[in-house]
Amino acid sequence: MRNKTLGESGHSGEVKRGQVILAAYLIATLELTFLFMQMGVMPYLAKSLGLDSVGFGYLQTTFGVLQLVGGPIFGRFADQFGTRAALIVSCASGSAFFLLMSISTSIPLLFLSRLPAVFMHGLPGAQKVITDLTTPSQRADALGKLGLCFGIGIIIGSALGGVLSTKFGSCQPCNRSHPQPLATLRGRGVSPSAQLFWFVPLVPHQTGTSQSGSVFSIREILRLMKFPGVMEVFIVKVFAGLPIGLFLIMFSIISMDFFGLEAVESGYLMSYFGVLQMVVQGLVVGKLTSHCTERTLLRLSVFVFASVGLGMALMRTVWHYCIVAVPLVFAFSTLGTITDSILTKAVPSSDTGTMLGICASVQPLTRTVGPTIGGILYKKFGVSSFGYLQLIVNLGLFVYLLKSKIPLSEMKS
């Protein structure tokens, strides 16, 4: 009788854990949809306020810097006060972000609307939920399925952003006869998000750990880099994806100048990229983690990235890019999932939020330095330079990983 009770209790716990993880996926999907939606509207809003291309670059850099600084801080907040509290802060910041954006009637107000982005980290928050509720052997597969959320966010968010830009792009934000659609949609999204937050448990602060000091303590954030293997894996994570990150930042210009695409066709290409990411990261990567070790997958992703670099250096048409995009998305998704899994396992469970915040800062770092470096590469050396840089950097990293003694678990993920 007792065994039966314990079995029922275990089954109930598994069901509840599954519900919480599903809620995390839904939260991530909503947040990413709104993020990509504003990316589609922002160029038109900035142009309507008189911001030129250089000023728009500064605006994007401001957003990247704020996200870069806020990632680790958000992670420490989640570690100290719980994931639910962190997700609520992220949602509130997102709502403030869209509200300020909707009332921006001048360029200074538009820059001011970027400030809440420092705490807009719905994806790392969802990753923290999954990390807390999965075993190390389940983690890579569960984190990989967030690729489905990312793909859905790209497709729906980009489509909504395009529709809103077409329908409301000519309306000034202060025009009271036309309610700002972004703020309205975001407001409607807050209610379901808030309901989902209550599925997320209040994870108690763990005793006997080194969670001390302020949320803003740089020393406590940098302390995690001293754990065995963390610095090496983080360096691989940053540099392996940097060249392709520079290419993607310049993609809107490359699609017009190099591929000769119209805005609508570029949108279709982004949707294709999103579908690939959904399939690869949501389905393929998860299968691989049950058959290969993390060391093998890390080396494989870097090697494929090098091969992608060669393909990018040789591509001449948009159809070539569509072919190259398949291994590109595979390498990009595998590298991100595996490095996040490795790094969260390398630190104490009380520090996983901070580590995920540090990992989440990689893309904002690329967005911060990307416009300058990418612009120079494209102007002086052309599109092929991104491919050759990708090839050289990742071949070097692959040789390093073959010879390195990075302490990774040889168990299958």
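Each residue, glycine too, has its Cβ placed from N, Cα and C.
Small disclaimer: the values here were computed from a predicted structure and weren't measured.
Features reported for this protein in TrEMBL:
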- 17-408: domain 'Major facilitator superfamily (MFS) profile' (DOMAIN)
- 20-46: transmembrane segment (TRANSMEM)
- 58-78: transmembrane segment (TRANSMEM)
- 85-111: transmembrane segment (TRANSMEM)
- 142-164: transmembrane segment (TRANSMEM)
- 233-254: transmembrane segment (TRANSMEM)
- 266-285: transmembrane segment (TRANSMEM)
- 297-315: transmembrane segment (TRANSMEM)
- 383-402: transmembrane segment (TRANSMEM)
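Counting residues 6+ beyond its ends, the transmembrane segment (383-402) has Cβ neighbours under 8 Å at 236, 239-240, 242-244, 246-247, 250, 254, 258, 295, 298-299, 302-303, 305-306, 308-315, 374, 377 in the same chain. The list of residues near the transmembrane segment (233-254) in space but at least 6 beyond its ends in sequence, with Cβ under 8 angstroms from a Cβ of it, reads 225, 266, 298, 301-302, 305, 308-309, 312, 328, 332, 335-336, 339, 342-343, 346, 358-359, 362-363, 365-367, 370-371, 373-375, 377-378, 383, 386, 389-390, 393-394, 397, 400-401, 406, 408. Sequence-remote contacts of a segment are chain residues at least 6 beyond its ends whose Cβ falls under 8 Å from one of its Cβ atoms, and for the transmembrane segment (58-78) they are 42, 46, 51, 85-86, 89-90, 110-111, 114-115, 117-121, 124-125, 128, 215-217, 220-221, 353-361, 363-368, 370-371. In the predicted model, residues of the domain 'Major facilitator superfamily (MFS) profile' (17-408) average a pLDDT of 79.
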